[in-house]
Amino acid sequence: MRLTPGRLFWLKCALHTGFILPLFWLVWGVAVNQLGGDPVQYIIHFTGKGTLHGLMLTLLISPLSKGLKMGPLMQTRRLVGLWTFSYAVLHLLAFVSLDLLFAWSMLLTEVLKRPYLLLGMAGLLILTALALTSLKSIQRRLGAHWQRLHNWVYLVALLAPVHYLWSVKSELIEPSLYLLCCLWLLWLRRDKLLKAAFIRKVFAPQSS
Ligand code: HEM
C-alpha cells in the first residue's frame, strides 16, 4: 500500500488522537475519582508507561518504514518523538507536584538518593535536547552533528526500561518484557550502532 500525502495526513491525525485521548481519559478519571486507591501512583505510572510506549513507537518507525518500503512514514517520527517528550515532562511534573508537593529543592535530593530516578532524569534530559533540536531549520544548521545528537535516543532506549525495572520492588516480568522489546529495537539497528562505534574507535585517537 502506498502512503499518499492524504493517507499520511490521516495517519498523523490518528497518532495525535492516540496520544491525546489517554490524557483526556486520565483527566476524566481524576474528575470522577476513578483512579483506584492511590491516584498519585496511578498518574505517575500512567504517564511513565505513556512515555515508554511513545519511545518504543518512535524507534519502531524507521524499521517499519524500511520493511514496508514506506519512506513517508518517517515524517511521523518527529510528531511521535515530541509526544514522547511531552509525556515525559508530564511524568516529571506528576512526580514533582503530587509526590514532592512542588518541593523542587527535594528533586535533586531524591534523584541522588534513588538511582532509578537518576536514570529517568538522564533520559529526560536527552529527550529535552532532542525535542529542542527537532526543528527542520535547526537540523539543517547542525548538519552531521544533528544525526550524532539524535543517536542519543538509543541510550534513552536503555535508560528508560532499566529505570522502570529498577523502580519496581516485585512483579519483574512486565518491566523485563519492556526491556526485551527495547533491546530488540536496538538489535534491529545493530549495523548502524556497530558502524558508529567502529568509526569512533578509528577516529577518536586522532582527534584527541
Ligand atoms: C525517559 C524518561 C522516563 C521514562 C520513559 C519513564 C518511565 C517510567 C515507567 C515506565 C515507570 C513505571 C510505571 C509503572 O510501574 O507502571 C516509571 C516510574 C516512575 N518514574 Fe519514570 N520515566 C522517565 C523519567 C522519569 C523522571 C525524570 C522522573 C523523576 C525524576 C521519574 C520518576 C518516576 C517515579 C517516581 C516512578 C514511580 C516509582 C514507584 O513506583 O515508586 N521518571 N517511569
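The backbone N, Cα and C atoms fix where each Cβ goes, and this holds for glycine too.
Worth saying up front: this structure is predicted, and the values here are computed from it rather than measured.
Per TrEMBL, these features apply:
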| type | residues | note |
| --- | --- | --- |
| DOMAIN | 55-160 | domain 'Ferric oxidoreductase' |
| TRANSMEM | 9-30 | transmembrane segment |
| TRANSMEM | 42-61 | transmembrane segment |
| TRANSMEM | 82-104 | transmembrane segment |
| TRANSMEM | 116-137 | transmembrane segment |
| TRANSMEM | 149-166 | transmembrane segment |
| TRANSMEM | 172-188 | transmembrane segment |
Next item on the list: Counting only CB pairs under 8 A, let me know which of 42-61, 116-137, 149-166 has the most with the transmembrane segment (82-104).
Entry: 42-61
Notebook entry, point to check: Apart from its near flanks, which chain residues at least 6 from the ends of the transmembrane segment (116-137) lie with a Cβ under 8 angstroms of it?
Noted result: 78, 81-82, 84-85, 88-89, 91-92, 110, 146, 149-150, 152-153, 155-156, 159-160, 162-163, 166-167
Checklist line | Helix-strand-coil residue split for the domain 'Ferric oxidoreductase' (55-160), DSSP-based | finding: 92 helix, 0 strand, 14 coil
